[in-house]
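See below for the structure under consideration.
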Amino acid sequence: MVRAWYMNDTNEDQRLEHQLSPPKFLSLDDLFTTAGILYWKLDPKNYDSKLEEIKKERGYNYMDVIQISPDKLHNYEEKIKMFFAEHLHSDEEIRFVTEGSGYFDARDNEDKWVRIEVTPGDLIILPAGIYHRFTLDSKNYIRVIRLFVGEPVWTPHTRPADNMEVRIKYKEQQNAGFVNHNSQMKTGLVN
Ligand SMILES: CSCCC(=O)/C(O)=C/O
Ligand SMILES: [Fe+2]
């Protein structure tokens, strides 16, 4: 089960957990309700057919692999800084973790940081227009499959980007309430 929690705002190393004291965790339902984040758990050793199913269902026709670690990623320091600067994208951010681990941080509906720990088998979808960032944890390695509809656009729009159409649309959806995929997952309708 993926772990997600509200973050403290200390200036410690970004790779640490940054839990509140006492910790305050969020469920999959909470992640969806507060931020529209979708999540699937796949078998990290045997994921081909399930991944194909999700790709087909959601129209993902682009796929590549990124490995993030000091020795595997070109311009590592620069990229790590870029990933951790708060930003949004004009499209969904779809990431499937096959090795290693890391943290996606996203803003909830009260603009608080939520930290989502990802490990092998976790497929996460951050909706278009959500403010977020990414960091490795202290193990310093992750291998991720990136998915996209059509030609990928990775451009990060750093905060503030409140006047972008995609941000306005995201906020409208958030205020109206999202249709809950993650609770269907628990009942076995989606897995
Ligand atoms: C873990 S995938 C690389 C990070 C990335 O693409 C991104 O946009 C983070 O927000
Ligand atoms: Fe991003």
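Our numbering is plain: 1 for the first residue shown, then up by one each step along the chain.
Backbone N, Cα and C atoms are what each Cβ position is placed from, and that goes for glycine too.
According to TrEMBL, the protein has these features:
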type	residues	note
BINDING	His87, His89, Glu93, His132	Fe(2+) binding site
BINDING	His87, His89, Glu93, His132	Ni(2+) binding site
Fill in the blank from the handout: Cβ contacts within 10 Å for His87 (Fe(2+) binding site), all chains included, total 19
Completion exercise
Cβ neighbour count within 10 Å, max among the binding-site residues His89, His132, goes to His132
Handout entry: Beyond the site residues His87, His89, Glu93, His132: chain residues whose C-beta lies within 8 Å of the centroid, for Fe(2+)
Key = Leu88, Leu126, Ile130, Tyr131, Arg133, Pro156
Practice task
Within 10 Å of the Cβ of Glu93 (Fe(2+) binding site), how many other Cβ atoms can you find? Include all protein chains, please.
Solution key: 23
